[in-house]
Amino acid sequence: MTPSERPKTGRPSVFHTSRRRFLATTAMGLVALSASGAHAKILFGTGLPWDSGAIEPPRQVLPGPWTFFTAREAEMVEAIAERLIPADDLSVSGKDAGCAVFIDRQLSGHYGSSERLYMKGPFQQGLPTQGDQSGLTPAVRYRQGLKALDEHCRRTMGGKSFTELSPEQKDQLLTAMEKDEVKFDGPVSAVSFFGQILKNTMEGFFADPVYGGNRDMVSWKMIGFPGTRYDYRDHVLKHNQKYTLPPVSIGGRSDWARKG
Amino acid sequence: MTRNRLAIAAAALLVSAAVPAILAVPARADDQDFSLIERGRYVATAADCVACHSVPGGKPYAGGTALQTPFGTLVAPNITPDRETGIGNWTEEDLRSTLRDGIGRGGKRLYPAMPYPAYTRMTDDDIHALWAYLRTLPPVSNAVEANQLPFPFNIRLLMAGWNLLNFEPERFKPDPQKSAEWNRGAYLVQALGHCGTCHTPKTMLGADDTDRALQGANLQAWYAPSITSDSRQGIGGWTADQLVAYLKTGVNHQSLASGPMAEEIQNSSSKMTDADLNAIATYLLDRKPPERTAPTALAADDARMKTGGAVYTDSCMACHGGDGKGQTFLFPTLADSGVVQADDPTTLIRLVLDGSRAVATGARPTGPAMPPLGWRLNDADVAAVVTYIRNSWSNAAPPVGADEVAKVRKALAQAD
């Protein structure tokens, strides 16, 4: 792939940058080696490179206008998320946890365009263990899948759209999709669309709140996951005691994190 | 003057590849004496000439690092023996008056960013050796515009007045009451090492405030902490061996050098002899700290301490530990640290905002880095966590305000 063939996404790719950096570093190392013959050489300067601006921290996703979904699509995704993870005495629903916001931002980002995957043909039917092998990006799957779902409902549910169905009807339809008992028109099958949205809803529910879902770390509080803590030396020897530190997100927690 | 002419002629011949070496005029033994040149190399190392007179990755001593002073930008010139762009047509006397009087060849006044107020104390022997060494450097053609100061500071003659007010040419005077080791340390600290250039507070005119020598100073968005034997803000809690380890390897039981000190250790003190480092330790740890009453630590139920404690638990504790002890040789100890408790919290704030990489030396090659947290913490969060660190465990220091954090954040953004 020549540089001109590279998909133009309008956003700098993290991988391209770090790859270039990696190559530059390697080249420097080679120069250093060749300049000094067989002996390793200490690069003049202050040792290992350090550039505090080199990290690309994740930006806090804020609820707001949809970046990928149309209003209608968003409504449907929220309705599905609400059935996949219904509100109960353990947690709020997938919709209220922000799963649709999470999916929306993912679809308008590199995930939606499969930017980091090899996406040139030939596309062949692979084995189930090989995962998705089609040329359809997640963005296309959602666009086509939601369209097919809505059409399917209007055709088979007496003209009603998916969002107008009762909770029980929605569950029945989703269950049928999961069991591959529903036939969608278009390139995306009902069963694969169900698998896709179930997976993404769970990701939104359990991923760090910085990405738009898991609002207020609701799922982490539910299951007792401590979040972005990674050192437990102070607790290792405290046997049979409850771990009391609250979970913390990449963006912080309400005791100190910047608001809004 | 015959000697100098000969030396120049010899140097000129050496640089001319076209002339077979066999035709070169044999230089006088004393100028080309190997041990003299090696000694000069050591003087240049101890004086850390390379720090300013080179750019990272560039040819050593060919000039080029821009120094941001409160008065404007100065660039250290090319000091290789290149005749057009370096000091190839200088004499030893020119170097002597540069180092001792701040007056370069042709009466050109230097700015004290060149630490001649320290080098003025250098011995004749060291200057002679340094000259011999500098003559052996390969000449590099690299024209440097040294003076980039704005008007009126760009008028070099102003420095005549500055010198009148702030500068006394003087040689190092040993203290007969003290040991030879102590005096060697004093010479290294005051003259060659020019430690005060960073660690001594400056007057309004940018001169060393000698009454507060080595008590810590702010420059280029770093605070060079006190290196007196003050046990709270200085290095009084360190043993001589711990100080020597720091200077030699960049790492000791408590601290890891980064920022400008990392460069100093890499280029200079890690290459000095153990005897000289021990002498420095003997001298520095013998310097009486000024009388200071320690402030009372903030109460744990102070709102800033509570917020700061939450930030610390979530963002710092994984490496620096709940007890502030860190991990020896890897993560600095925050408890009882001089730089943590310094009156000026600039270094502490900048490390939280921007992170840093510790020096990597042969003995301690890891060079661990602290990640920047400025993207995750706002000014109030940083102020709170810094206040918390300064007032936890056995530490006590004045609280830090969000406005101070904003100032450092701005300075860092400008430096990028």
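Numbering starts at 1 and runs along the chain as displayed.
Every residue, even glycine, has its Cβ placed from backbone N, Cα and C.
The annotation signal peptide is assigned in TrEMBL to B:1-29.
Averaged over the domain 'Cytochrome c' (B:35-138), the predicted model reaches a pLDDT of 92. The feature domain 'Cytochrome c' is assigned by TrEMBL to B:35-138 (among others).
What TrEMBL lists as heme c 1 binding site is B:C49, B:C52, B:H53. Counting every protein chain shown, 23 other Cβ atoms lie within 10 Å of the Cβ of B:C49 (heme c 1 binding site).
Summarising the annotation, TrEMBL assigns domain 'Cytochrome c' to B:180-288 (among others). Residues of the domain 'Cytochrome c' (B:180-288) grouped by DSSP class, helix first, strand second and coil last, total 53 helix, 11 strand, 45 coil.
Here TrEMBL flags B:C195, B:C198, B:H199 as heme c 2 binding site.
Annotation comment: TrEMBL describes B:303-393 (among others) as domain 'Cytochrome c'.
In sequence order, B:G326, B:F331, B:P332, B:T333, B:L334 constitute the residues six or more apart from B:H320 (heme c 3 binding site) in its chain with CB-CB distances below 8 Å. Taken residue by residue with DSSP, B:H320 (heme c 3 binding site) is part of a helix. Per TrEMBL, heme c 3 binding site is recorded for B:C316, B:C319, B:H320.
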- Task: Report the nearest neighbour of B:H53 (heme c 1 binding site) in space among the binding-site residues B:C195, B:H199, B:C316, B:C319, comparing Cα positions.
- Result: B:C195
- Item | DSSP state at B:C52 (heme c 1 binding site), helix/strand/coil | helix
- Candidates B:C52, B:C195, B:C319: member of the binding-site residues with the richest Cβ shell (10 Å): B:C52
- Note on the structure: For the binding-site residues B:H53, B:C195, B:H199, B:C316, B:C319, B:H320, proximity to chain A (Cβ under 8 Å) holds for B:C319
- Message: Just to verify a number: CA distance, B:H199 (heme c 2 binding site) to B:C52 (heme c 1 binding site), in angstrom, no decimals.
- Response: 17
- Task: With an 8 Å cut-off on Cβ-Cβ distance and a minimum sequence separation of at least 6, pull the same-chain contacts of B:C198 (heme c 2 binding site), or say none.
- Result: B:A217, B:L219, B:A224, B:P260
- Determine which residues of the same chain, besides B:C195, B:C198, B:H199, have their CB within 8 A of the center of the CB atoms at the recorded heme c 2 site, and list them by sequence. B:H194, B:G196, B:T197, B:T200, B:L214, B:A217, B:A224, B:I227
- Task: Name, in the order they occur in the sequence, the residues of the same chain whose CB lies under 8 A from the CB of B:C316 (heme c 3 binding site) and which sit 6 or more residues away.
- Result: B:V385, B:I389
- Note on the structure: Per DSSP, the domain 'Cytochrome c' (B:303-393) contains 42 helix, 7 strand, 42 coil
